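A.B. asks: To start, I am sharing the structure in question, which I have written as structure tokens.
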Amino acid sequence: MTEQVVTTPVMDTYARFPLAVVEGKGSYVWDDKGTKYLDYTSGIATCNLGHVPSVVEKKVQEQLTKLWHCSNLYHIPVQEQLAEILVQYSCGDRVFFCNSGAEANEASIKIAKKYANDKDGVEQPLIITFKNSFHGRTMATLSATGQEKIQNGFTPLTPGFSYLPFNDMDALEQLKKIKPAAVLFELVQGEGGVIPADKEWVQQVAAICKENDSLLMVDEIQTGMGRTGSLFLYEQYDIEPDVISLAKGLGSGIPIGAIIAKEHVAKSFSPGTHGSTFGGNPIATTAGLATVEYLTETDILLKAKENADYLWNQLEQLATSSKVIKQVRGKGLLIGLEVEGQAIDFVNKAREDYQLLIVVAGPSVVRILPPLNTTKEEMNQFLHVMEQLFN
Ligand SMILES: Cc1ncc(COP(=O)(O)O)c(C=O)c1O
């Protein structure tokens, strides 16, 4: 066996592309040789306002001169302001802050267990998740994830999860009987191939949860923060989750995660039950506050919807003439192209030949994640590459 050449001491948890990114502004990044790329990955649905957005940059720069960290032993005014605005624009009442998506789902899982224990004395609560889902890489969140390829090699898994087929009305009969403590799911399975949940199915899940007194928990880590044209995607499904998990776009690239929960659920997190040294730190919540203010106080969500309409229209037209694109799917600016052949080959060609960054979502899906405020000119540049790749 030939030994792999190690070029960096960073562990190989990602199959990195041969590209070193050193700078970013708006929809573009630059590599270490000065080559400019159109970035339609947005740091995997994270830089929703583009790279280094001035509104966030300015506030973070100011905060950097004042206070970086003080721990959650004290009140952090900017953290409380961010919690207030998240509560104002969601159906939830209280917020817990952490540092990543996996940590946000860990918090969802923990609060669901504690709530079941507090309410009914349940000692072995069960959480239902769905096949093909993705909820993170920590032990509990990979156990919640309904994909064997993510779990392989990491047994014993955290117990307490059971997986039902996604978007499957018949399987909901089982959900009715199981009466779990909670149901956790994505409204678009992002990593699983950009598969949107059907509205009727979601509403049925919500109705069963209500009937069974199971918590309805949505993982909006990829779909939240304006990515699909509304601040949260659950709004488009006319449901009211008990718990919402967030990360990615919340800090525009500064690491932050959060859960928003309804008051009766949030009460289960009392002092000493959960925590995080860095969670809700002044720098991260300053970035979060500036991001959420921008998303809620400007017309950017409208712009995101217009941009999505334009791209969907053009991509669907391209799909009718292309022999390679089998389906265009997703929501808003979380777009998946199911293709004939290996998606990674198209991603590589886009980067190498056209300086366009896009990403895969499984072996046969090309995922497109433009910044919400991408311009018409950038969209046309992107569409030109799509024509070259797929016609
Ligand atoms: C839906 C969903 N949940 C959880 C996660 C995990 O987030 P993180 O990588 O920040 O831990 C991701 C990341 O891709 C995600 O898309």
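Here, residue 1 is simply the first one shown, and the rest follow in order.
Note: Cβ is positioned from N, Cα and C throughout, glycine not excepted.
According to TrEMBL, the pyridoxal 5'-phosphate binding site annotation covers Gly101, Ala102, Phe134, Asp219, Glu220, Ile221, Gln222, Thr277. What TrEMBL records for Arg137, Ser276 is N(2)-acetyl-L-ornithine binding site. The N6-(pyridoxal phosphate)lysine annotation in TrEMBL covers Lys248.
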A.B. asks: Which residue, of the binding-site residues Ala102, Ile221, has its CB surrounded by the fewest other CB atoms within 10 A?
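C.D. replies: Counting other Cβ atoms within 10 Å of each of the binding-site residues Ala102, Ile221 gives the minimum at Ala102.
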A.B. asks: What whole-number Å value do you get for the CA-CA distance of Ser276 (N(2)-acetyl-L-ornithine binding site) and Asp219 (pyridoxal 5'-phosphate binding site)?
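C.D. replies: Ser276 (N(2)-acetyl-L-ornithine binding site) and Asp219 (pyridoxal 5'-phosphate binding site) have their Cα atoms 20 Å apart.
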A.B. asks: Using Cα-Cα distances with a 10 Å cut-off, which of the binding-site residues Phe134, Arg137, Asp219, Thr277 are near the residue listed as 'N6-(pyridoxal phosphate)lysine'?
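C.D. replies: Near the residue listed as 'N6-(pyridoxal phosphate)lysine', where near means Cα within 10 Å, there are no binding-site residues at all.
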A.B. asks: Radius 10 Å, atoms counted are CB only; among the recorded positions Arg137, Lys248, which position scores highest?
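C.D. replies: Counting every other Cβ within 10 Å of each candidate, the maximum falls on Lys248.
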A.B. asks: Nearest to Arg137 (N(2)-acetyl-L-ornithine binding site) in three-dimensional space, by Cα, is which of the binding-site residues Gly101, Gln222, Thr277?
C.D. replies: Gly101
A.B. asks: For the binding-site residues Ala102, Glu220, Ile221, Ser276, which residues place their CB under 6 A from an atom of ligand 1?
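C.D. replies: Close enough to ligand 1 are Ala102, Ile221.
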A.B. asks: When DSSP is mapped onto helix/strand/coil, what comes out for Ala102 (pyridoxal 5'-phosphate binding site)?
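C.D. replies: SS state of Ala102 (pyridoxal 5'-phosphate binding site) = helix.
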A.B. asks: State the count of C-beta atoms found within 10 angstroms of the C-beta of Gln222 (pyridoxal 5'-phosphate binding site), not counting that atom itself.
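C.D. replies: Result for Gln222 (pyridoxal 5'-phosphate binding site): 29 neighbouring Cβ atoms inside 10 Å.
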A.B. asks: Using DSSP and three states only, what is Lys248 (N6-(pyridoxal phosphate)lysine)?
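C.D. replies: In the DSSP reduction, Lys248 (N6-(pyridoxal phosphate)lysine) maps to helix.
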